[in-house]
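What follows is a single structure, written as C-alpha cells, with notes after it.
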Ligand code: AMP
C-alpha cells in the first residue's frame, strides 16, 4: 500500500475527501526509491523465528529468543544484509575524534537533504488514502480500519468541507479510558461518533493533541520539526486550493516513512553514522514500562497512557524480551465495540495479530546507527528493542528518538520548535 517506488513525474496532489471510507490514489515523486522487501516474519504469527539484530549481524549475540508455548513471537528472520559487527570499542574519547566528525558530517548532509525535499517527495508512486467522515460512528470506524489493514485515517468534516484531524490508536485508547471512568455508559459509548472524540478527551481530562498538519510542498525538514514538537508519529499533508480556499487531504506521512525515505536516499550519508547507539545514548534505558504475558490489555493501556508511549515490551520473569505490545494492537482488541473484553491477557491479544505482522526488531547497545539505517532501508521497522547478549531488555529506541537525533543533535538550538 505504501511502499516507495521508482522515480516518477511530479504531479498535482490528487484530492480524496469523500465520506466514510473513501479510497484514492495519488501520483508523486519518490526520488530514488526502491521496493522494500517485506520483512519475513514467521508464517502463522505464532511460530517461533529468530530475532533480527539491527546492526552487527551477529546473530549469536541477540539470537533466537527462548520459546514460550502460546506466546512465541514472530521475530523477524535474520537478514544477510546486515553489516558485520564492529570490534569492541574503547571508551569514547571526550574530544571529537574522526568518528565524531564523520558522524556530524553525516547528520549535516541528511539535514540538508531534508531541507531540499518536500513531504510530497516521500509519498509513494501510488497509494490508497482512506478518509473518514467525522459523523461516522466510532464503532464503525474501527471495522473500517481493520478491514483496510490500516491504523489511522484523516477525518473530514463534510458540513464545513474541512480537514477535521487525524484518527489514531490514541483516540481509541481515550474511548477505552472513558469507558473505564464511566462503565455504566456503554450504550452511550456505542453511539459516539468521530466528531465526539474531542468531547471524550475533555471528559477524561486529556489535553487535546494539537491538530497538526503541513502543506505537502513545504520542506520535509519542517514536517519533521513539527512532528517532534507535537510528538505526533504521523502528520497529515493538507493542501488548500488557491482559488476556492478549500482544503484537500493529500496523504499522511509517518516517522517510519520519513526515516525510510532518508535511509533509501542517503546511504552515502547514513554510512557515516558509525557510532554505537549505546554511546550516543539513543533511546530510553531507564524507567522502562514493561508488561508480562499475563498482564491484562487494560493494564498495559493504562501504562501507555501514563508514560505517553506507543509500545510496551513484554518480558518474562528474567526480564528476557518475549514480545512488544503496541498501541495499534489495541484496535483489534475492541473490534465491534468489545470494550469489556479488555481484561484479556496480553498473550491472548498478541496471538491474534495479523499474519503479515512485520515482527520485532532488536539491537544491542554496541550496534551502530548506520546498521540501524540499513535495517530501516530494508524492513518495516517501527522501533528497536535494545537487548543484551542474553536477550534481556536494556532499552527501547523509538523512531522518534532516531528522528530527534538526526534532526537536532549538535544543533545550537536543539529545542523542538516548528
Ligand atoms: P514512542 O511512543 O515510541 O514514540 O516513544 C516516545 C519516547 O518514549 C521515546 O523517547 C522512547 O524511547 C520512549 N519509550 C518508548 N517506549 C517506552 C517504554 N516502554 N518505556 C519507557 N520509555 C519508552
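Here the Cβ of each residue, glycine as well, is placed from N, Cα and C on the backbone.
What TrEMBL records for 1-99 is region 'Disordered'. Marked as compositional bias 'Low complexity' by TrEMBL: 11-51. Annotation source TrEMBL lists domain 'CBS' at 206-271, 284-341, 354-415.
Confidence for the domain 'CBS' (284-341), expressed as mean pLDDT, is 93. As a summary of secondary structure, the domain 'CBS' (284-341) carries 24 helix, 15 strand, 19 coil according to DSSP. Helix first, then strand, then coil: DSSP counts for the domain 'CBS' (206-271) stand at 26 helix, 17 strand, 23 coil.
Residue counts for the domain 'CBS' (354-415) under DSSP, helix first, then strand, then coil, are 20 helix, 16 strand, 26 coil.
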